[in-house]
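Colleague: Sending over a structure as structure tokens; questions will come in a sec.
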Amino acid sequence: MKPTIVLVGRPNVGKSTLFNRLTKTRDALVADQPGLTRDRHYGVGRVGDRDYLVVDTAGFDPVAKDGIMHEMARQAEQAIAEADVLLFLVDGRAGRTPHDDQIAAHLRRAGRPVVVVVNKAEGLDRATVAADFHALGLGAPLAVSAAHGDGVKALVELVLAPFPADDEVEAAEDAGPRVAIVGRPNVGKSTLVNTLLGEERVIAFDMPGTTRDAIAIPFERGGKQYTLIDTAGLRRRGKVFEAVEKFSVIKTLQAIQEANVVVLVLDAAQDISDQDAHIAGFVLDTGRALVVAINKWDAVDDYRRARLKEDMARKLAFLSFARFHQISALRAEGIAALLKSVDGAYAAAMSNLSTPRLTRTMQAAVAKQAPPRHGSARPKLRYAHQGGMNPPVIVIHGNALDHIPNSYVRFLERTFMEAFKLQGTPLRIQFRTAHNPYATKA
């Protein structure tokens, strides 16, 4: 499982700045998608080929008893309990405060690995700063400047070092597509899981991963193997009752990251909520294949169905790549078609795309609609090849590609997805410009 890094600390020590620094490499991928709402308290980051999840808690006051500060502290407590590593941010310019001491005492009792991060350390004597915060009793502090990026890469490498690389974890399993079933509480996720698995089929075993291992549950439907990625507590035999389900954003995000295909469950009786859109946005952000299951379809009338379709068209327009299915998890209606789309989305996400055909498709797109000029230069797209899968990544080489507008990128995405029938998976396009080595010479 990809490590979960939780940022804690009192207000105004730079948690949000560090969060943005840790997640910026992935944020840019979908920031321009129309209609996409984003919860800025969580995100994904990457260093080299290592992915990780980052959670930004609000200013943490462990002794707050009521009001909004108490609610913020309660939410931070849940994040701390589910963290693999805690980054305890303190302010190097302000020095150690009684509030820092209170948080440190709380974190010592939490039983999670903690790294003390001294932020705003630019221009300060690192040895003096480290000595001041060493007294917190949480190990040697690490000084950084989140605003300037100084020391951040070393911090991430230190944090990720104890965790196995992604390929080591994935090598431990070979049981078909990894499927995560996600959604907000009481939409029917547990009913769908039980319908897919059957009580007698639940076989749980730990995948090697972090200190809080995921559970992989293999199951078979229609003669095909699948693996359900479970981080939400489906660890015992028997039914998992929706009434006792406890929604956890972090566990949902972890399941999405571990999956090849995500099934997002919606409730036909309810309008699309911000939480639904946030989960869908994170699926897109991570590049996972997606199938949307509209549950309890049999329990609503035609008026409600029409209203829901309008609501989805407005709030989930950024999921145009995904298939939507009307199902009844309780009656097991629509399940076969749902799994067929899971198979199709997985196949699309893992597609091998030939370089000659990619290049021909790109050239046909340019002939139909050339990229707009930027200043005096018109971009020239020369050839394309595949750069990755799950999601498929297409790398385009050429000249003057640094300022391709987002609208043209989306045009290319649609063209490639239609040409290669990539239904069910998002697509990434990367541009590689051949820079003129003589451009800066007199």
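From the backbone N, Cα and C atoms, a Cβ is placed for every residue, glycine too.
Straight out of Swiss-Prot:
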DOMAIN    3-167  domain 'EngA-type G 1'
BINDING   9-16, 56-60, 119-122  GTP 1 binding site
DOMAIN    177-350  domain 'EngA-type G 2'
BINDING   183-190, 230-234, 295-298  GTP 2 binding site
DOMAIN    351-435  domain 'KH-like'
Colleague: Of the binding-site residues GLY183, ASN186, LYS189, which sits closest to ASN12 (GTP 1 binding site) by Cα distance?
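Modeller: Of the binding-site residues GLY183, ASN186, LYS189, GLY183 has its Cα closest to that of ASN12 (GTP 1 binding site).
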Colleague: Restricting the comparison to the binding-site residues GLY9, LYS15, THR57, ALA121, which residue's C-alpha is spatially nearest the C-alpha of TRP297 (GTP 2 binding site)?
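Modeller: Closest by Cα: THR57.
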Colleague: If one measures from the C-alpha of GLY183 (GTP 2 binding site) to the C-alpha of THR57 (GTP 1 binding site), what distance in angstrom results, rounded to a whole number?
Modeller: 22
Colleague: Would you mind splitting the domain 'KH-like' (351-435) into helix, strand and coil residue counts from DSSP?
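Modeller: Across the domain 'KH-like' (351-435), the residues distribute as 29 helix, 24 strand, 32 coil.
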Colleague: On average, what pLDDT score does this prediction assign to the domain 'EngA-type G 2' (177-350)?
Modeller: 80
Colleague: In the structure shown, which of the binding-site residues ASN12, THR57, ASN186 has the fewest other Cβ atoms within 10 Å?
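Modeller: Fewest other Cβ atoms within 10 Å, among the binding-site residues ASN12, THR57, ASN186, is found for ASN12.
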Colleague: I need the nearest neighbour of LYS189 (GTP 2 binding site) among the binding-site residues LYS15, THR57, ALA121, using C-alpha distances.
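Modeller: Considering only the listed binding-site residues, the nearest one is THR57.
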Colleague: Please identify which of LYS15, LYS189 has the densest Cβ environment, defined as other Cβ atoms within 10 Å, among these binding-site residues.
Modeller: LYS189
